[in-house]
Structures are given as C-alpha cells and as structure tokens.
Amino acid sequence: MSEQPAADDTNPRENRSGPMLDVSGLAVSFGDQSVVSGVDFSVDRGSLVGLVGPNGAGKTTVLRAVKGTLDPAAGTVYVDGEPIRNESAKAVSRLVASTPQGTNLSFDFSVKQTVEMGRTPHLGRFDRMGEADRRAVERAMERASVARFADRPFTSLSGGERQRVLLARALAQETPILLLDEPTASLDINHAVRTLELVRALVGDGKTAVAAIHDLNLAARYCDELVLLAGGGVRAAGRPVDVLTSDTLRDAFNAETLVTTQPGTDAPLVTPLPERDSVDRRVHVVGTGKPAAAAVSTLVGAGCRVSVGVVPSGDTAAERAADLDCERVTVPAFAGIDDAARQHAVDLAAAADAVVRAGEIGDGNSPVVEAGGACIAVETDESAYTSTAHDTVPLTALPAAVASLPPVPEQDATPSLNQSTTD
Amino acid sequence: MRFAGRTVGWSAGLVAVLCAVVTTSAGIGPVWIPPGIVGKVLLNAVVVPTGISVSGPAVDVTTAHVFSYAVSDLQTQIVMQVRLPRILLGAVVGFSLAAAGTIMQGIFRNPMADPSIIGVSSGAAVGAVGFIVAPVVIPFGLGLRGAAFVGALVAAFGVYLIATRNGRTPVATLLLAGVAIQTFLGAVVSFLLLHSGESIRRALFWLMGHLKGASWPEVTSSVVLVAVPFVVLLAYARDLNVMLLGEEDAQSLGIEVERTKRVLLALSAVITAAGVAVAGIVGFVGLIVPHVMRLLVGPDHRILLPTAALAGASFLVATDTLARSGSAEVPVGIVTAVLGAPFFLYLLRKREVHEL
C-alpha cells in the first residue's frame, strides 16, 4: 500500500538524500511592510510539518513563497536541493501542489472538471488529457473520497466537501510536496479530523506535506514537527512537545495557556486561559482525583504558585501537578502516608497563603489541612463532605476566593519550591 | 473524446443556425426574396480553385463556379451587393463582441464584465467622433474605421499601463482604471459632440451602433482581424478555465498568470476594436450572449468560447435584420439594448449573481 502511490509521485530528483523542502533565510515584504524575515526551516521527505502561529504571523505568506506565487525579498526555497526561484510556474507546479484556504469559484465547474484542472501542469497547450491523466484524476478523487459526487457542481458542495475536492485537485498534480493552507478552517471536528487523517495517510505513502494550521491541538496531534511563526520570524521549531510550551506560546501569542497532554497520545494539549490579573498567591492543594486536578489547573492558570500533597503517586491530581511543574509530595499508592512526607506537606501548607481542599482526602492529610492558615474547600458533587468550618466555593470562584485572602509574609524558613518528592 | 464531440456538436448546430439566420435575413428587406432563391444565389457564389498558373511575379488562380442555378440578376445583385456584406459584417461583429465578452468575463471572473470594460469602446468613440468632427487625413484610406480602431487600442493599452505595477496587473485595479478611463473619454466625446455642429447626426448615429453602408472590403478586413486572434484565444481556453479558480490557484497550477492575462487582454482588445470600429458601439451582445451560452453549455471555455462567438454572430445578424426592416432604419445598438436589457434583468432576478 505504501509503495504503490509513492511510485506515482516519482520524480527524477527523488532519489537524493537531504530534506525534501528547505527554506533558507526567507524574507517577504509587501511594499515597505516586512511580513516575515529570516525564516529557516526544512522538511524531511515523508513528513508532515505544521506551520502554527498567531493571525498575521505570515503562515500563508510562507506557503505562498514555497509554492512560488510570490517573490521573496530575500532567501531561497529549495525543493529537493534545487532552488525554485528561477523555475517556471509550470516546473514548480509539478513539484509543489497546494490547497488554498478556500476558493470562490464564481462559475459552475463540476467536481470532476475542478479536479481535472490539477493535471494542467502536465499538459502542453495543445495536449488533450491522456489515459494517464484520466487515471490520475480518478485516483485523486478516490483518495479524497469525492468520486461519488464527481458530476455535481462545485458550488453546490458543503465546506468540508469543497476542501476535499481541492485536496483531490492537488493530488491530481502528483507532486512530491503538498502544501495545505488551513485545511481544517471552517470544518467541524469530524471533517477536520478526517481531513488530517487523510493527509497523514498521504504522508505515510511518501508525500511531504506542510500545513498551516490554526488549531494548535490538531497541529500537535497530526504533525511530525511544528514551526511556530510569530513576530515576523520562526519562534520555535521541532517536535510539537518542544514547540508548544507555555513560555513559547506566551511569547508568540501573548496569551496565557495551560499545556498538558492530549488523552491517548503524547501530543501536547493547549488550553488557552482567559486574560485576567494574575493571582499572586502561594497555594497548597490537598485532595485527590479529578476535583483536586481541576483545582490545580485552575489555580496555575490564575497565576498561583501551587504545591500539592500528600497524594498517592499515579493519582490524577499528582499527574496534573507533574504536567504543570508544581511541587508535589507523593507517596506510593496504598502505602499510607509516612511521617517524612507528611512533614514535608505540612511545611508547604504552612508556608502557603491558603490551603485548598478538593475531592477525597484521607485522615492522614488532616494535619496538612490544619497547618495552613486559611482554608478553602472546593465544591464537589459529593457535597456531603462540605464542612461548615471552611469556606466552600465552586471551582470557578476559586481564584477569586484565593485572591481575597491576605498574603502571608514570606518567611526565611519556608521550604524551597524546588522539585521534591519523597517517594 | 466525449468532450470534443460536445464542442463539435454544439458548434455545428450553431453554424447551421447562423446559416439559416443569414439566409433568412438576406431575403428580408424592401424586396422580399424567398429563402430558396437566396440559397441558390449563395450557392452560385461558391467557387473552387481549378488551377494555379504562375507567370513571373503574378500568381493566377483560376476558379470555377460549382453551381449555376437560374436566378434573376436583380435578385443576385440585391443579395450579393446590398444585403450580404452588411449581414456578414454583422455576423463578424457579433462574433467578435461575444468572443471578447466571454474572455473578459473569464479574466475578471465576473459574469457582469463585457468587452468594453477596459475602455475599448470609449476609445473607439473618441477616435470616431473626433474623426467625424475634425477629419484628419489617415494614411491607407482607413478613415473613420481606422480612427476608431486606433482609438480603441490606445485606450485599452492606456488602461492596461495604468493598472500595471511591477509587472502585475490586478484585475480589480484594471476594472477601476477601466471605469475611470471610460468616464474620462465619455466626457471627451460629449465635448466633441457639443462642437460637432452639422456632423452631430452622423456622430450620434455612429455612437448608437449600426451596420449601414457595409462593403465587401470591410468584411474581408474585419474577418482577418478577428479570425487570427480568435484562433490564438482558442488555444488559451484551458488556461482561462484554470484562471477562473483565482490567480493564486492558477499560478500554482502552472499558469503564468500575468503573461496569460496580457495575451488575453491584448487579443480581446484587438477583436473588440475590430468589431467596434466597423459597427460603432453595439451594447449587450458581449454581455448577454456569453452569459446565456454559459447557462446552456457550462463554464468550460473550450466549448463556451466557440459557441458564444457563433451565437453572437447569429444574434447580431437577427437583431440587425429587425433594425433595418422597419419603415425607418434604427441603429442596431438600440435594438440589441432594447431586447438585451430586459432579458438581462430577467437573468439578474432569476439567477443568483455571484460576487463581483
């Protein structure tokens, strides 16, 4: 399966080693306005690289430079080691196919006619479509699952179907490189995922693909590598887990984000946080399970320095705290709390401005709760637990409740906030 | 193959329609000549070469008439010398305007574009009215037609230059530059008319578009001026299809967009100028005929371009027949507009007009 379609993409240049696509020192300006400069990245053959970044960062501009539809002010795009700058449009269109962000066809071509236009690079002015061309069109329509509405007018299709037709058109070009500009924009999650699964499959068959993708989480999940564009240049490039960190995202998007892990994969999961005044408090969370994990996320998102414990290692709350780089005191599951761990947690609680309790806490943690000055409980479904001794607030009100507490003066004797676990 | 068959089928059908319209039209006039007789006259005119003799620099082609039906000399005279030149000129003009309109609608990706959109008609008007008001000597005896033709091309080239920057000609700029130049040239024409004195009637008649006084040499020259660019345009039909996807897409599909646009604009300007120079400003043919044919055969220019051109030929011959068969002759531009505008409004209401 992986050999067959790849063979169709055979290009005289393909046997070389080195990256399939190499962008070097690329700078583009519109008039006096510099859009991007010093953009360097390369794409290995058979991989999918995502271009991510804020609106106006130049994702589309970089794609346009790669497909040769705009002249860079500086820099060179190499396809398989050859600069494309002086190539004719026709030569480039045999190497690089692209799907546009959206197309507004004002005239009613059928789906098949639209896909057939993908053969333009392979036809001379007086050539007719030959058997090979027709087969390529059939194959492309099959691959993008648009064959069943081949005869329908393009304009009668839904957004998702149009996107697939445009992808089929690009496939009919039979190029080694595929560029996708926002292939999932305006698609619902089902169609977005199906589109990216298809791209993934194409890459598996040997295509090299670059996609500008708005949705960081989809990009993280489907791309081999990401290139983060911001402020007119590349901010970060590499594996999604290295590129999508709170720090780079803050830099690039000027936004606070919470970066965790997508369930079922090791791809990062980016959750944007609402912009608000950061709550500059030190909080110790006592509790387990989802309620405690949610409390940790919420507090970290609000800007608090958070410590957790004592929790059994492997507990959701412990994992969340690890994800978010919070100090945590863990003990092996079912082992009971030893004195050293308890003392560590008590110290953390004593040093904190507030202790927050969420979810189930064992009796062993009572001293930790007592050690804190102010204590806030988070409302849970099992509110029977709620004790009148503490303020009980819903999760959403937690940052505000913490912020309303007076900060405890810093003491020299506070335990350091270094990573420390006792198991 | 199926596709080529469709093109040939539609074209053959429309050629048949054109023949029927021409034959009928040649019979209509102050003296009614039945189509059968007209047919015989036309067949009598068909010649085939029988031999070539070269004597020194001169090449003599001897020809022979294929048919020799018995037809009265008067009828032959009326058909061949009076009516046919005008009819054929009408066919060429209709053909050229519809072809140019199809190309313009494709380049501008806008079904509302027409051949005069880049200032061709206004330029021709300035040339023609200027010549009528203040005749100047134009070499080669080109006279009014020549002035209009040159005016048309100068205006189109001017619009193109104004809209071009750094080798790129965005269609939106082209459109707006065209509108501005048309307005400007319209003012020039108005000014010329104010000072035209005696010749105002002739100038107005030209501006309204008419085919009166057509002669065989005009037919020949305009056939040549239209046929050659048209053949080249046919070779560009597929590129034009791809251009409809948008210039960015077309470029990434291997079309040299700017060069293609330049070629298409130049050729359709020549074709339009050839038509307008002999017929004056005949509106709506270049707008409506491509539009209607697109509804019938679809947007593929490989079939749309030839069929629209042929349909335009039939349309203008038919409307000109109406124009000249009343008690007093009406400029054909009036007839096309009177028939065309309501039909166009009907289309506008009936069909969604896709973005500008």
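The backbone N, Cα and C atoms fix where each Cβ goes, glycine too.
Per TrEMBL, these features apply:
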| type | residues | note |
| --- | --- | --- |
| TRANSMEM | B:12-33 | transmembrane segment |
| TRANSMEM | B:87-108 | transmembrane segment |
| TRANSMEM | B:117-138 | transmembrane segment |
| TRANSMEM | B:144-162 | transmembrane segment |
| TRANSMEM | B:174-194 | transmembrane segment |
| TRANSMEM | B:214-236 | transmembrane segment |
| TRANSMEM | B:263-289 | transmembrane segment |
| TRANSMEM | B:330-348 | transmembrane segment |
In contact by Cβ distance (the transmembrane segment (B:214-236), the transmembrane segment (B:87-108); 3 or more pairs under 8 Å): yes
Stretch of maximal Cβ-Cβ contact with the transmembrane segment (B:174-194) [cut-off: under 8 Å; candidates B:117-138, B:144-162, B:214-236, B:263-289]: B:117-138
Same-chain residues near the transmembrane segment (B:12-33), Cβ under 8 Å, at least 6 residues beyond its ends: 39, 41-42, 75, 78-79, 82-84, 87-88, 91, 307, 310-311, 313-314, 317-318, 320-321, 324-325
Residues from the same chain, set at least six apart from the ends of the transmembrane segment (B:144-162), whose C-beta lies under 8 A from its own: 118-128, 130-132, 136, 138, 169, 174, 177-178, 181, 185, 206, 218, 262, 265, 269-270, 272-274, 276-278, 280
